[in-house]
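Q: Here it is, the structure in full.
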Amino acid sequence: MHYSSLLPDVLKIADAASEKVLHVYQSDFKVRLKADQSPITAADEASHEIILNGLKSISQDIPVLSEEGADIAWGERKGWQRFWLVDPVDGTKDFTQRTGEFTVNIALIEFGEPVLGVVTAPALKEAYWGAKGEGAFKRDRTGKIHRIRVATPKEEVRVLASKNHLNPETRAFIDALGPHEMIQAGSSLKFCRIAEGHADIYPRLGPTSEWDTAAGHAILLAAGGTVNKLNGEPLTYGKEDLLNPHFVASGR
Ligand SMILES: Nc1ncnc2c1ncn2[C@@H]1O[C@H](COP(=O)(O)O)[C@@H](OP(=O)(O)O)[C@H]1O
Ligand SMILES: [Mg+2]
């Protein structure tokens with residue numbers, strides 16, 4: 001499959017969802033708690049609907065798994081060779097805290113590998129995308145599009161960590177890296193910051209779900225980086241348990 005032929009449509013869908021998400025962000029929105037006690041707003045729901053309908057219209061035969069539509073039995077999912085993996089709003093805490101560091105995420109998974117990804121940050125007016133064999137790109141807040149690439153680390157490693165979920169295990173991993181600079185960022189923007197060469201490593205020795213990481217992972221791969229489990233094997237998708245194992249995302 002030529003992934004680049006899908007990218008313009010997927011970017012349009014993500015931009016449409018972003019516009020709606022930003023509209024809610026700028027309003028006096030209400031925050032509710034889901035059954036797992038994680039926060040949800042009208043932005044997550046509206047973004048989910050726009051993305052689901054958009055993806056169905058461009059690819060009737062590719063199923064969609066979204067954080068807000070994840071109740072699909074393993075018996076059905078296990079036969080999927082190719083599927084869309086979506087987080088309508090990643091960084092909902094950043095959204096509710098109004099830090100601006102939340103994203104809309106769409107990934108295409110093929111045989112467990114994230115082969116295409118689009119991440120938009122509606123409040124920052126940034127967008128990132130990438131596809132296997134096609135490289136990775138950023139649209140900055142002025143609308144200019146640049147090709148992006150991971151950087152070669154200098155002596156002081158630039159480490160990315162979650163703003164809201166930095167646990168003791170991740171902290172210990174970071175301390176063992178030696179001289180480093182800490183950069184905190186919310187949501188899947190952490191993968192994008194490495195993809196564009198602004199940071200070197202993002203260790204996550206704490207919980208995430210497949211939809212949190214897939215799009216950023218695809219972009220980082222396309223920019224020359226890696227996302228591996230602690231045993232050194234690549235992080236994969238379409239697992240029965242949708243919680244990811246611990247992983248380390250890195251540039252060169
Ligand atoms: N205890 C937990 N279990 C599962 N996922 C968790 C979690 N704590 C945080 N996360 C995931 O981490 C994401 C936020 O990451 P970060 O802190 O790096 O911004 C959340 O995404 P959502 O905001 O989409 O719910 C959520 O999915
Ligand atoms: Mg998320």
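Cβ from N, Cα, C; glycine included.
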Q: To which of ASP200, ASP212 does TrEMBL also attribute binding of Mg(2+) 2 at the site defined by ASP87, ASP90?
A: ASP212
Q: Per TrEMBL, which of GLU67, GLU68, GLU233 sits in the Mg(2+) 1 site along with ASP87, VAL89, ASP212?
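A: Candidate listed by TrEMBL for the same site: GLU67.
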Q: Just checking, which of ASP87, ASP90 (binding-site residues) has the fewest C-beta atoms within 10 Å of its C-beta?
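A: Among the binding-site residues ASP87, ASP90, the lowest count of other Cβ atoms within 10 Å belongs to ASP90.
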Q: Using C-alpha atoms only, work out the spacing between ASP87 (Mg(2+) 1 binding site) and GLU67 (substrate binding site) and round it to an integer in Å.
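A: About 5 Å separates the two Cα atoms.
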Q: Please find which two of GLU67, VAL89, ASP90, GLY91, THR92, ASP212 have the most distant C-alpha atoms, given that the record lists them as binding substrate, and give only that distance in angstrom, rounded to a whole number.
A: 12
Q: For ligand 2, pick out the binding-site residues VAL89, ASP90, THR92 that have a CB under 6 angstroms away from one of its atoms.
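A: Result: ASP90.
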